[in-house]
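To keep things clear, I will list the structure first and then write my remarks on it.
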Amino acid sequence: MVSSSILVSTILLVFFSSTIFCSEQRNVTALLHDCYEKQIQMEFFASNVYLTFAHRLAYDGVYHGFADFFFESAEEEREHGKKFLDFHNVRNHVSHLRDITISEELASVTTVNEMLRKAKTLEDDVFNNMRTLHGYAVEAGHSETVHFIEKVTLEEQTIAVKQMHDLVKRLDHNNNSPILLQMMDQDLRKKKVKQP
């Protein structure tokens, strides 16, 4: 009698724990999917912001080096977004690209200093979401997503973050000097910005 109640308890325990595990697994997978879509949105959002900055600088006609830098950064972010989309599509996942709207605050940024600071924040946000995405992929056991992030996108994003941090650091160390901005612009024109 005792052994049959232990058997029933064991069966119930196995059944409910596997049900709870499956439920938790579905939640992690849903979080992974949501975070993945957020990453795609963030990449294309950053691209649009950088395009806005580049066009503003090109229109003003003073900082051609920074304009080219932001044009290249916009293209790089668009390529990152496309890589994530392609990776998702190959695995038969539908991605829902939502409206990518740039706030009035970002659209009205006019100084190079402020553009670089906003870009640094954007790069940090994209990088942090990628780390969250990586964590969900590890937790959900999605080894191909873990591999994709570690081997394809993480290094590129790390370099972009480092480059933005270095540019802002140069500004801060020289008290946002207009002469320094001209020198940095000349460096960017000559493609002499140090690549980390």
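Glycine too: its Cβ is placed from the backbone N, Cα and C atoms.
Since the structure is predicted, the reported quantities are computational estimates derived from the model, not experimental observations.
For 1-22, the entry in TrEMBL reads signal peptide.
DSSP labels the residues of the domain 'Ferritin-like diiron' (26-175) in these numbers: 126 helix, 0 strand, 24 coil. Taken from TrEMBL, the feature domain 'Ferritin-like diiron' applies to 26-175.
Annotation source TrEMBL lists Fe cation binding site at Glu43, Glu77, His80, Glu123, Gln157. Around the Cβ of Glu123 (Fe cation binding site), 22 further Cβ atoms fall within 10 Å across all displayed protein chains.
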Which chain neighbours of the Fe cation site, leaving out Glu43, Glu77, His80, Glu123, Gln157, have a Cβ atom within 8 Å of the mean position of the site's Cβ atoms? Met42, Ala46, Ser47, Glu76, Gly81, Val126, Phe127, Thr153, Glu156, Ala160
Model confidence over the domain 'Ferritin-like diiron' (26-175) (mean pLDDT, whole number): 89
